[in-house]
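A.B. asks: Please see the structure below; I have some questions.
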Amino acid sequence: MACRGACCCSSAGRLNADNARFLLLAVLIVLYMLCGAAVFSAIELPTEREAKERWEERLENFTRRHNLSRAELQHFLREYEEANVAGIRVDDIRPRWDFTGAFYFVGTVVSTIGFGMTTPATVGGKIFLIFYGLIGCAGTILFFNLFLERLITVIAYVMKSCHERQLRRKGVLPHNGRRGSGSSEVDSLAGWKPSVYYVMLILCVASLIISCCASAMYTPIEGWSYFDSLYFCFVAFSTIGFGDLVSSQNVRYESQGLYRFGNFVFILMGVCCIYSLFNVISIVIKQSINWILKKLACKCCHRCQRRLFRSRRNVVMPGNVRSRRNISIETDGVNESDTDGRRLSGEMISMKDFLASNKVSLAIMQKQLSETANGYPRQMSSNSKQNGFSGGVGALAIMNNRLAETSVDR
């Protein structure tokens, strides 16, 4: 009964922590949106007003010069807007609904970019788009997750090889065999994982290289400035897809087939890299939220938290004594380390404590579901280091599982 009560209390505590994390993230997102709205309004609103004044002046001069009423001219412009939705433009552009144009359109649909320059105008096309996008977007997201899994595998393999080479150069790891020695250094290397910050840096550099190369291609062919090309790359690769700049829309290009193939390859690689980068950044954001919650709990409930910590330090679980050095993702929601007491006392937090404060209770639920589905518990390395990849669901779980697999003996 005591064990059951302790489990219920720990589950309730994890649920409260998850709710606090969710609410804090929601508040931060709302504040982030409010700040962004204020900045964009201050930057873009004067330009919008100037453009509206120029347009009103041109409209008045045109009606006076050609002896037209304002209502007739506005009616004509509304008809052009309807034609614009159907894909008609003043300049000569490529057909929107031939096979190549339709293939470009479905690519923007399944990748969730959705530039908006081509949209179905018929009822049948809109109905088909609903079901087509439902399956296509789900399949593409699955592809992005599998790409992320393999990308993290390659990054972890390369970084671990570099780490082993550094250990051999320092003489810590023997040169004659990787796993032949039974030393503690080799055992600790088996649970080594790359830092989330190194992975984020690698993905940032890869995304920047792809964007710069793609911009160098778009600038001379599309006639954009290099900055506009970089802007298009971010909007397209991040699947924001405003549609103000869209590549491969002219009727003719020099080396048209090669350019369209390069455009497809750059967009595919860019979307995959930016998607992976967003997932890694979300891990860092989650760590920051956990750290903020720790600081808030330290300031608001200083005395209560210290009493709770002192009571937990003397608790002995039935059948075994809890180890303080072996805190893993399974025991992370229950056990408390000595650094937690230092944080609860209001002292300065170090970077090591900051990285260790990522307490993800969703990962515990994910592990239990995985054990139930597979029929056996997954063995965790006792020497694995918590470096920011612990826990998560979806794409975060893919990175965690793949890094755990690459940390065992090859």
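Keep in mind that glycine also has a Cβ here, set from the backbone N, Cα and C atoms.
Residues or ranges marked as transmembrane segment by TrEMBL: 22-43, 102-123, 129-159, 196-218, 224-246, 258-278. The coiled coil annotation in TrEMBL covers 45-72. Taken from TrEMBL, the feature domain 'Potassium channel' applies to 92-151, 201-286.
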A.B. asks: Please figure out which one of 22-43, 129-159, 258-278 racks up the most CB pairs under 8 Å against the transmembrane segment (196-218).
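C.D. replies: Out of the listed stretches, 258-278 contacts the transmembrane segment (196-218) most.
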A.B. asks: Compute the average pLDDT of the predicted model within the domain 'Potassium channel' (92-151).
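C.D. replies: Summarising the domain 'Potassium channel' (92-151) by its mean pLDDT gives 89.
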A.B. asks: Could you tell me how many residues in the domain 'Potassium channel' (201-286) are helical, how many are strand and how many are coil under DSSP?
C.D. replies: 65 helix, 1 strand, 20 coil
